[in-house]
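In what follows, a structure is listed as structure tokens, so that the remarks can point back to it.
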Amino acid sequence: MMDSDDDMLDAHDMDSVDYDFDSGGTDDDNDIDETDYVFGEADTDDAAIIAYHRSQINYVVLKEEDIRRHQKDDVGRVSVVLSITDVQASLLLLHYHWSVSKVNDEWFADEDRVRRTVGILEGPAPDGREFTCGICFESYPLEETISVSCGHPFCATCWTGYISTSINDGPGCLMLKCPYPCCPAAIGRDMIDNLCSKEDKERYYRYFLRSYVEVNREMKCCPAPGCEHAISFAAGTESNYDVSCLCSHSFCWNCSEEAHRPVDCDTVGKWILKNSTESENMNWILANSKPCPKCKRPIEKNHGCMHMTCTPPCKFEFCWLCLNAWTEHGESSGGYYACNRYEAAKKQGLYDEAERRREMAKNSLEKYTHYYKRWASNQVSRQKAMGDLQKMQSEKLRKLSDIQCTSESQLKFIAEAWLQIIECRRVLKWTYAYGYYVPDDHTKKQFFEYLQGEAESGLERLHECIENDIEVFEFGEGPSEEFNHFRTKLTDLTSITKTFFQNLVKALENGLADVDSHAASSKPANCKPSSNTKDGGKGKKEALTMAGSAET
């Protein structure tokens, strides 16, 4: 483990190749080291949210106005080319899943068929002075009725109720048709604008906006609750699908779960399913209980005596060891705290299989509990770090700036450290899901646990520095000469931790591919040397180089 700041600084200075855990990697890396942090406020007024962007990103965060602009551009292009209104162009694009080329191809191939299919009709002009509404059956003058392209008249009140009900029912309102039976005429945005309440309009245009994103293969809505942003992703040869929204939520473009590097999407799916099913409950029952010999109900032994009594209505009394009736037990069977029958049967191998299954279930449960607790603990720590970051920005930054007589922009290194902690907590969290599926008897397991321990040690050092060392400057009476030393120390720790974690991610994503070849010539004990000896430092270097040589 990293026992001193000097260890981390020495590690950072070591020569390395590619994802040697002590280097910054090559200049063309697109991983978590290539990150520029941008500070900004979210759309909500009650919280300041930090969002970071990669310097070489393969995605763009789109706000609502950006999506509307894209929509408006597509609608305008169709409207101009086909010489139709924007409302009609919107109906066509909705029908053809916002594909401008598909709309143009279908329209010029058979305009009449497209009009009938979409519901853009050219109905007869009304020729009467008074009409009967087809919904409420009241008579109205012509000027008080409304119709779409089909010409079927309905009163404004019935139109409003009909459209409002459809909007409240969900996104199907985007394809709403005339209420006249079997009429295919489409209802466009102009009707919503003229007849609906402000609340209904907002809901309708929210559906309208999302429809543009949902059918676009290069866009996805941010899955964070209440977020209206979308991500435009440019797929390439990189396997990094992690994206970060302006709302501070990071997720995987490929599976839409939260960002989970270095774990692949299939493993994440298995882990989440395991956390949400009853499988571990069954493992606990199997490991800590035995079935009643009569009713087969699982029974947990919670007292020292071997005399067990099943709950009503069964009430069967039996021996916990051999599972035979208690009436058959006594001094001849070994007394109340032992069972000669069980010992004899065990020697004959009669109970080996049941005990083996119970022991396997117990070990499986203990393993899962070990990894799940640490997975969940890092998530809690990450959430706390996010809260500390927001508190620092909203409350402490200005105060620290005043005390140290420096501008807030010069304190950016503090926010960068917190952001690195948040990112490292996320990575560390998912290393426990990764570790759960690494075979226990594999050489990679030992090396993985060594690297994970190094990562935890380095992160704790950074966390301790920003939480504890900064306090003396937050509550000082004036500028301190030691503040520049603190700045240098925190900046160095942030850089070293960032480098270590970005190389850890790369190594795990590569499956620690080179470990097997090194295992043949290196003892597993070398993976975790003592940091108190000179030879131990050499062993650490060799272990770190082991991971770095995979891409040599």
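Any Cβ shown, glycine's included, is placed from N, Cα and C.
As recorded in Swiss-Prot, the features of this protein are as follows:
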type: ACT_SITE; residues: Cys305; note: active site
type: BINDING; residues: Cys133, Cys136, Cys155, Cys158; note: Zn(2+) 1 binding site
type: BINDING; residues: Cys150, His152, Cys178, Cys183; note: Zn(2+) 2 binding site
type: BINDING; residues: Cys222, Cys227, Cys245, Cys247; note: Zn(2+) 3 binding site
type: BINDING; residues: Cys252, Cys255, His260, Cys265; note: Zn(2+) 4 binding site
type: BINDING; residues: Cys292, Cys295, Cys310, Cys314; note: Zn(2+) 5 binding site
type: BINDING; residues: Cys319, Cys322, His329, Cys339; note: Zn(2+) 6 binding site
type: COMPBIAS; residues: 519-534; note: compositional bias 'Polar residues'
type: REGION; residues: 129-343; note: region 'TRIAD supradomain'
type: REGION; residues: 518-552; note: region 'Disordered'
type: ZN_FING; residues: 133-183; note: zinc finger
type: ZN_FING; residues: 202-265; note: zinc finger
type: ZN_FING; residues: 292-322; note: zinc finger
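Structural mapping of features recorded in Swiss-Prot.
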| residue | record | Cβ contacts under 8 Å, 6 or more apart |
| --- | --- | --- |
| Cys136 | Zn(2+) 1 binding site | Cys155, Thr157, Cys158 |
| Cys227 | Zn(2+) 3 binding site | Cys221, Cys245, Cys247, His249 |
| Cys265 | Zn(2+) 4 binding site | Tyr241, Cys252, Asn254, Cys255, Glu257 |
| Cys292 | Zn(2+) 5 binding site | Pro298, Ile299, Cys310, Cys314, Phe316, Phe318 |
| Cys295 | Zn(2+) 5 binding site | Cys310, Cys314, Phe316 |
Filter the recorded positions Cys133, Cys150, His152, Cys183, Cys305 down to the ones within 10 angstroms of Cys319 (Zn(2+) 6 binding site), Cα to Cα, kept in sequence order. Cys305
Mean per-residue pLDDT in the zinc finger (202-265) works out to 88
Taking the center of the Cβ atoms of Cys252, Cys255, His260, Cys265 at the recorded Zn(2+) 4 site, which other residues in this chain have a Cβ no more than 8 Å from that point? Tyr241, Phe251, Asn254, Ser256, Glu257, Ala259, Val263, Asp264, Val268, Gly269
Other same-chain residues whose Cβ falls within 8 Å of the Cβ centroid of Cys133, Cys136, Cys155, Cys158, the recorded Zn(2+) 1 site, in sequence order: Gly134, Ile135, Phe137, Glu138, Tyr140, Phe154, Ala156, Thr157, Trp159
Give me the CA-CA distance between Cys222 (Zn(2+) 3 binding site) and His260 (Zn(2+) 4 binding site), in Å, as a whole number. 16
Determine how many residues of the zinc finger (292-322) DSSP places in helix, in strand and in coil. 0 helix, 9 strand, 22 coil
The number of other Cβ atoms within 10 Å of the Cβ of Cys222 (Zn(2+) 3 binding site), counted over all protein chains shown, is 23
Taking the centroid of the Cβ atoms of Cys222, Cys227, Cys245, Cys247 as the Zn(2+) 3 site, which other residues of that chain lie with their Cβ within 8 Å of it, listed in sequence order? Val61, Pro223, Ala224, Glu228, His229, Leu246, Ser248, His249
For the binding-site residues Cys133, Cys245, Cys255, the largest set of other C-beta atoms within 10 Å encircles the C-beta of Cys245
Other residues, Cβ within 8 Å of Cys292, Cys295, Cys310, Cys314 Cβ centroid (Zn(2+) 5 site): Pro293, Lys294, Lys296, Arg297, Ile299, Thr311, Lys315, Phe316
Taking only the CA atoms, the spacing between Cys133 (Zn(2+) 1 binding site) and His152 (Zn(2+) 2 binding site), expressed in whole angstrom, is 9
